[in-house]
Amino acid sequence: MSGEDGPAAGPGAAAAAAAARERRQEQLRQWGARAGADPGPGERRARTVRFERAAEFLAACAGGDLDEARLMLRAADPGPGSGAASDPAVPPPARAVLDSTNADGISALHQACIDENLEVVRFLVEQGATVNQADNEGWTPLHVAASCGYLDIARYLLSHGANIAAVNSDGDLPLDLAESDAMEGLLKAEITRRGVDVEAAKRAEEELLLHDTRCWLNGGAMPEARHPRTGASALHVAAAKGYIEVMRLLLQAGYDTELRDGDGWTPLHAAAHWGVEDACRLLAEHGGGMDSLTHAGQRPCDLADEDVMNLLEELAQKQEDLRNQKEGSQGRGQESQVPSSSKHRRSSVCRLSSREKISLQDLSKERRPGGAGGPPIGDEDEGGEASAEHPAVEPRALNGVSSPVSSNPKSPVLPEEAPFSRRFGLQKTGSTGALGPSERRATEGVLGLQRSASSSLLEKASTQAREPRLARITPTPAQKVPEPFTLYEAATPPSLDHSVPPSRREPGSIVKPNVLTASAAPLADSRDRRRSYQMPVRDEESESQRKARSRLMRQSRRSTQGVTLTDLKEAEKVAGKVPEPEQPALPSLDPSRRPRVPGVENAEGPAQREAPEGQGQGPQAAREHRKAGHERRGPAEGEEAGPAERSPECSTVDGGSQVRRQHSQRDLVLESKQEHEEPDGGFRKMYTELRRENERLREALTETTLRLAQLKVELERATQRQERFAERPALLELERFERRALERKAAELEEELKALSDLRADNQRLKDENAALIRVISKLSK
């Protein structure tokens, strides 16, 4: 049965197989017919994905597929008969494929060095790849190998002509990027062998830019040279890299500070981004806009490094201030100019304070030549202009008395080297001696200050304008004698000064400054006109009010004034040497020769000031003369009262004024004289002891006050120290908290680094898969 079934089954199986083959052939014929036929409008096939030749070559080299890379180079080579290969300016297509880069400027040779693939490096170098090709940051393949520490690749590149002096955009050589000692030793040995100057290599780019800029300046033309890819100018490069001298030359040649590159960056954007402070200052000084915007709408401060943020804010403020100054100067330029003559005119002396008047008088004395006549105050270059516009530019004493200027140009003027002759040998003239009748009538109605004969040079208007101002000065008894005392006493030799010292003069005596004579007036005439030097009084105060005020002041002084121990001793010395009342007065006690204390009003009231000089022969006048003589002879006879008179403790008693102290000294002299005549001195001893006890208690109080202040300071310091100690635990707790926070941050960063390593591995895997996919697609597309 098997033999019968075998022949029957064999033909059936063969027929089935033949039918299957026939169907397969039919399918192939139909598929070929459809593939060869043109597709219809609705049956168009999808376009095949095709990458650029450079991207395919980079992918093949990154994947290590050297056969595929070799086929691409062979396909790109046009052959010996093509015209492109014969042109030396145009690189061959195979060379263009070899040196092709991605968006970051990384070539296949860069990528092979990064991947440490020495086989691909050798293949590319043998095929003619550029060994010193730089990426967008200026890194060559040797920079990459040195940074990664690949000794074999570095040796191979150096053996095939790699430039060891190449500088990247940060100004670093491959030696500066070496990570290992072996790599550093290799590069140093190669530098020594080639004799490369490292510093000169780093300055090569700057020197080249400087040379080109000078050539442009000498040629008179500044070309608009731009980078073909970024559009950056020479000023952009110099600003970004800090080539200050190149920037100065470019700006001197008129280079625009608002030039834009491809991204809309100005040179100031580049300098701020790279943190070049000197470049930022230089560009800001030449009008670089702080508000210039890029194509992305960013200002220089938005792109700036953190180190130059404060500098940019300062430069922006300076630009704003300079702009405001220019606008203000332009506005002032349109206004009318002030006459230059008014800039040197001196203001009126009546508007100055007493201290300023004295300073002005000192300056005028220094300018005045010795022994020459003429006015002591006034600039010779101003002439009549100053006299016409400022008639009151006349040095005045503190109480308003005019300085000695004679109206007669022929009268002699004594030099400043002989002050004693002015004080003792000259007589005073009346203030109305040189005035006309009309002017004399006008000045009689004014209760202000009467001026000397020199005032005839002044105008009536300025006189009436100045005297009410001086009359408004309130002469209070509490007014201290200012610094003109020291100036007045310094101008007189001590050996010739027989006048009453300021602290020892009677309040009733009026000290008058000497005035140069215009005529030989007799002594009696000067006495009659003595009231012309009186202090100005207030117009609104009546005579009865002045008398009542003076009486109240005298009563208050007698009841409230205290006397120091020094004053008491001084009074005892003076009282011990009081001469007999029948002794005649000295000739120097003539009231007309007695100098007046400036700025001090007679506290006895106007009744004594207005007493006629004819009554000076009465008992009261004789007694006043004897008192003045006693006080004058005190310092002259060798008493040691000078230091006590000038000591600050004795200048004022219990806050009193100089005038009050003079009254106290006069009363003290009288009382001590009476006590000296009395045989019983018990009251004086008791008063002295009480006074000493009072002084001792006062000193103890002062020491206690100082001690209390010191204790307060020490208490404050202790409190602050305790507060610092109390705050220390809180500071330690804060430091511990910050330390824990930093530790947590470090742990998080470590975790992120681990995750970054995983991501890097995944990225590499995806890149490999992408390269394989590109190769598959390229093969299928063929």
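Using N, Cα and C of the backbone, Cβ positions are placed for all residues, glycine too.
Feature annotation from Swiss-Prot across THR432, THR560, THR719 places phosphothreonine at THR560. Per Swiss-Prot, the listed range annotated as region 'Disordered' is 77-98 (candidates: 77-98, 209-230). The coiled coil annotation in Swiss-Prot falls on one of the ranges 301-332, 589-620, 621-652, namely 301-332. Taken together, the residues in the repeat 'ANK 4' (263-292) have a mean pLDDT of 88 on the 0 to 100 scale. Note: the repeat 'ANK 4' (263-292) comprises 16 helix, 0 strand, 14 coil (DSSP; helix = H, G, I, strand = E, B).
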